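Features reported for this protein in TrEMBL:
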- 1-23: signal peptide (SIGNAL)
- 23-171: domain 'FAS1' (DOMAIN)
- 183-323: domain 'FAS1' (DOMAIN)
- 334-384: region 'Disordered' (REGION)
- 358-379: compositional bias 'Acidic residues' (COMPBIAS)
C-alpha cells in the first residue's frame with residue numbers, strides 16, 4: 001500500500017513533469033494578481049514576456065503597481081524601461097527555499113539584461129544576500145548603495161522551471177536607466193547594412209523582399225549570406241528559374257523572431273518563409289555548440305558569423321554560406337561532418353550518366369529530382385518528437401514506481 005508521503009511525492013513529481021512538458025506563460029500567471037497588472041503590462045509591450053516564456057529556467061522578480069508608478073514617473077523610453085525590467089529577470093531558478101539558503105549567505109546571478117548584451121561589463125548582474133531576520137536583499141551590481149529592496153513573497157514556483165516572486169521595490173541601475181535610443185527596425189534599411197547588400201539586391205530584383213516585409217510586424221528572422229558568399233554562389237544562382245530563385249531566397253527567412261539566446265539554447269528543425277504554400281518542406285536544422293550556431297540543410301552547413309540586429313520582432317544574422325535546400329539542389333553535407341551511414345540490405349543500381357553530364361552535376365540545381373525523402377522524413381519526425389518521448393518515458397517510470405510502492 002502506498003503511504004501518504006509516497007503519494008505526495010508522486011503527485012509533486014507528476015506536476016514537475018507536466019510543467020517541463022507544457023512550459024509556462026508569465027502573462028497568465030500575473031493576470032491572476034491585479035496588484036501586478038502594470039508590471040505585467042510592461043512585460044508585454046516591451047516583448048520581455050515572450051523571452052520569459054521561451055526560457056526553461058528563470059526567475060521573475062515582480063513589483064506591485066505602486067513600485068511601477070515610481071519607475072514610470074521618471075519618463076523613461078520604452079527601450080530603457082525594457083532594460084530596467086530585464087534586470088528583474090534572473091537566468092536561474094530561485095524559489096523561496098533557495099533564496100533563504102544562499103551558499104555563504106550571498107551570491108550573484110546574471111539577468112536577462114546581461115544576456116541581451118545591452119549591459120556594459122557586469123552591470124547586468126544582481127547580488128542576492130540572505131540577511132538577518134529571515135530577509136533576503138537584492139542589490140544591482142552597479143548600485144551597491146541600494147540596500148532597501150527585499151524579498152516579499154512567492155507568487156508561483158514550478159521547480160526548477162520558473163519562479164515568480166515579489167520584491168519590495170524597483171532595482172535601480174544607472175546603466176539600465178541610461179537613455180537608450182529606439183532601435184532602427186526598418187527591415188529595408190537593415191538589410192543594406194553589415195555585408196548584406198548583395199543579398200538585399202537579390203531580394204529586390206526577384207521580388208522576394210515583399211514577403212520579408214509583410215512578415216516583419218509579426219516577427220521574422222533573416223539569415224543573410226555575406227557578400228562574398230553571394231559572389232561565390234552567383235554562377236549557380238543564374239542557372240535557377242525565377243520561381244526557384246524566389247524559393248531559395250525565402251529559404252533564408254523564418255516567419256518568427258529568434259533571438260541569439262534562443263538559437264543558442266535550442267536544437268531542431270525550423271520552417272522557413274519558403275515552406276508556406278510549398279508542396280515540399282523547405283526546412284533546415286539549427287544546431288549549437290556553445291556560442292556557435294550552425295544551420296544545416298541536407299546539402300550544406302552554414303555558420304552564423306555576425307548579428308546585424310536582434311531586437312524583437314526582427315532578427316538578422318549574417319552567415320558564411322548560402323543555404324541550399326534539398327528541394328532545389330542535389331548532394332549531401334560533407335562526409336566528414338556526417339556520421340557513417342548504416343549498412344543497407346540492397347543498393348539500387350545507379351543510373352548511367354547522361355551524355356555530356358559530369359561529376360560536378362551533383363551540385364547543380366535539381367528541382368525536378370524524384371529522390372525518395374522517406375528516410376529524411378522519418379528522421380525529422382523522430383527529432384521533433386524527442387521531447388514527447390522523454391516525457392513519456394519519465395511518466396512510465398513514475399507510474400512503475402507508484403505500482404511498486
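Residue positions begin at 1 at the first shown residue.
The backbone N, Cα and C atoms fix where each Cβ goes, glycine too.
TrEMBL: automatically predicted annotations, no manual curation.
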Overall pLDDT of the domain 'FAS1' (23-171), taken as the mean: 93
Three-state composition of the domain 'FAS1' (183-323), taking helix and strand from DSSP: 48 helix, 39 strand, 54 coil
Number of helical, extended and coil residues in the domain 'FAS1' (23-171), per DSSP: 56 helix, 39 strand, 54 coil
